[in-house]
Amino acid sequence: MQKVTAESSQNEVDSIEEADKRSSCLTPTTTFEDVPKVFREPNINTGFRQPYQPWYYYPASIFQVHNECMNVWTHIFAVILMTHKLVSFSKQLDFINDPYTWPMLAGILSSIILYLASSFAHCFQSKSEMFHYTCFMIDYAGIGLYGFGSVTVHFAYCMEEHLYQISWLKDMFVPVGGFLAVATCGCCTYAKYRYQRPYPRARKVWQVTGVCFLYIWLIIPVVDQVFNCFINGFRCDDTISPHTKQLAWFLASGFFYTSDIPQRFWPGKCDFIGHSHQFFHVCIMMTTFFQFDGVIRDLHNERDVFEQRPTPTLWNTFGPVALVLLLEIVFIIIFREKCKKKLKSKNE
């Protein structure tokens, strides 16, 4: 009888602990007044997750309604979408034995890493102030890496012969792209470390300037194609439609990122769904979707052209990608230590 009673009591304790765990996973969200300034966003008033919760709370919270929920899910969906593209392309291309497909593999993997980094950042950034800084530094590294992946695929498949024959552009396109990719990560990371909320305009200038220089560089071959089609009527094939849509979606993403519209006009009304960063995420997802739609068509349509160029190798395809990633990790380590000292001095 005592044994049965003891087992019953233990079961009750286990049930209470399990209930407590479930309750912790669903810790109610709070308002901006109740979280540290680093977690706040302009014109977003509610739906903030509680910091300093157990680790399992944050991945569990993606099934809870809060102001980061859609930011996580939009890029989880983007990971699925781009992984599906990778699988689809692998049925058309021989990624193992055909070196001319390796730039495509590098590019599409970089896009998947971008969305994994973004989803991770938005999922875990509320854990603590230090984790907030670290998460978004990882996010910025993903942006830079994806930018360099785009440099790689646009150079390999989208650059017309008249551009390729410009020797300095041919020789410098990938190295300059790598520099700008690392600089983008560096600019965004520095701005995150340097400025505190409420952020001054200078912070956005640092971030947008780095991204703009990288994008202007990487998009040269695509703009050249679109320009030659619409202005000169040259090579208006099936690549022009996705390339044009890629440009349009990226411009839309820039608008939503820099404008804080619509929440600027309806503070507190777009906290859970409909704020600009969610639209920004969707626009970036559509940008990559149409980008690789265009690039795969360039690969098929212009294969006889780029096969006359030097054959890609594992080293000159994936080596620069690894170098860019390594330099971005160095930036993260440096500025993470700076943030750690900054938070330590603030708390003393």
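Each Cβ is built from the backbone N, Cα and C atoms, and glycine gets one as well.
TrEMBL names HIS277, HIS281 for binding Zn(2+). Of HIS66, HIS84, HIS122, the residue it gives for the same site is HIS122.
Tertiary neighbourhood of the transmembrane segment (314-335): same-chain residues 99, 102-103, 106, 110, 133-134, 137-138, 140-141, 144-145, 148-149, 152, 174, 178, 181-182, 185-186, 189-190, 192-193, selected by CB-CB distance under 8 Å and a gap of 6+ residues from either end.
Apart from HIS122, HIS277, HIS281, the residues listed for Zn(2+), the same chain places the Cβ atoms of GLU68, MET70, ASN71, VAL72, THR74, HIS75, SER118, GLN278, PHE280 within 8 Å of the centroid of those Cβ atoms. Using a 10 Å radius centred on the Cβ of HIS281 (Zn(2+) binding site) and all shown protein chains, the other Cβ atoms total 25. The stretch in 72-90, 136-157, 205-223 that contributes the largest number of Cβ pairs under 8 Å to the transmembrane segment (172-193) is 136-157.
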